[in-house]
Amino acid sequence: MGNCLDSSARVDATLSSHTSGASRVASKISNSSAHSSLTIPSCNGKYSTDGLTTPRSESEILSSPHVKPFSFTELKNATRNFRSDSLLGEGGFGYVFKGWIDECTLTAAKPGSGMVVAVKKLKREAFQGHKEWLTEVNYLGQLHHPNLVKLIGYCLEGDNRLLVYEFMPKGSLENHLFRRGPQPLPWATRIKVSIGAARGLSFLHDAEEQVIYRDFKASNILLDAEFNAKLSDFGLAKAGPTGDKTHVSTQVMGTHGYAAPEYVATGRLTAKSDVYSFGVVLLELLSGRRAVDKGKIGIEQNLVDWAKPYLSDKRKLFRIMDSKLEGQYPQKAAYTAATLAFQCLSSEPKARPRMAEVLATLEQIQDPKNSEKHSQLEHQTNLRTAHKSPLRHHRSPLHLTPSAFPLPAHHQSQTCTAR
Ligand SMILES: Nc1ncnc2c1ncn2[C@@H]1O[C@H](COP(=O)(O)OP(=O)(O)OP(=O)(O)O)[C@@H](O)[C@H]1O
Ligand SMILES: [Mg+2]
């Protein structure tokens, strides 16, 4: 397992707060399409191709009717002056605090009253912070779906950049899978979470103007009180290829351990890069292990390298299953999920299933009797939503990928470990 970082790769030291070693990295790839100004979907009330491919200026993005501009003082009051006991978590982008706002006026409310929100405050030194911040406002100001976190508003005042999201009471999937806690996630919840996340990705990929998420990982899957999954952190999201193009050429950004090998090697991005990352998360759900774990030795540091040989062998699969499940899972379902993960992790992007197919398989695992009908309905609804109005007509969420870091371009390596 090599280290994919080349000399031009940058790693944000602030990311080292993660214990996983699955750090964000960024590097330039030749023909990088990173521009100083953003070219992202426009918000014209319809999810149309025209809208999504039209570059929007910063002021257009920030004047979206779907997100509310907050003053810094308002958010200071809403979070009790960003007090440490309001801290929900920390990522590469910055700190996330719990806050309270009035449900109707959206102004700061007395702590403990009104609506709970999560306020993300950009670290001033965060790498590429402003660009990602704006990308997040742009996408989450336009894309609305039950499996995408809602962006309520933002604050841009002097050097301060903040984002205000709906509060997700169960935090991130990463916390549940890898933190030591009294209650490991049961099998049925793992499948439920994977279905929610697959629905979110499927919605993005099947939108009339495709969106590639580019940062699919356990810490970006947030959970509501019933363990419904919602994707967060759209700072790296990118419009998919249009016309006859098969891919988008771009600066390689993402998180080591989750990014697809061909994308890391060439900078060519397709929706199948997200499918690979989905396979990694599915493997994390099955095994209870992190994508990259520097605390392990040899091949076990990289989950995909270690687990792949066991995925298509019914008799050996139990060896990689999470011991915290204590064998409490249906073997047939586990094997189907493992086979699905194996397909998603194919080194040949074309051999990976589409997210709609992934979703259908997971629904079948969850409910072998009804899934087919449901999946067809869901798919039709998604298509309809995508064609008619991908934009939410009520206020909603945003997300920020904490300083997205470019991954280095590299050769055929399936594993990229940042440090
Ligand atoms: N909307 C939210 N509701 C509740 N908790 C949240 C919300 N958004 C983030 N958090 C908490 O804050 C933590 C940090 O989130 P953040 O997105 O900043 O970093 P991350 O996803 O862990 O890492 P990265 O910087 O690589 O994205 C999350 O793990 C989660 O526990
Ligand atoms: Mg995140």
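Just so it is clear, glycine is given a Cβ too, placed from its N, Cα and C backbone atoms.
In TrEMBL, annotation is done automatically, which means it is predicted and not curated.
Sequence annotations record features per position, and here TrEMBL assigns domain 'Protein kinase' to 82-377.
Marked as ATP binding site by TrEMBL: K121. Secondary structure from DSSP puts K121 (ATP binding site) in a beta strand. Residue density at K121 (ATP binding site): 20 other Cβ atoms are found within 10 A of its Cβ, drawing on all protein chains shown.
The feature region 'Disordered' is assigned by TrEMBL to 366-419.
Annotation source TrEMBL lists compositional bias 'Basic residues' at 385-397.
If you take every residue in the domain 'Protein kinase' (82-377) and average the pLDDT, you get 92.
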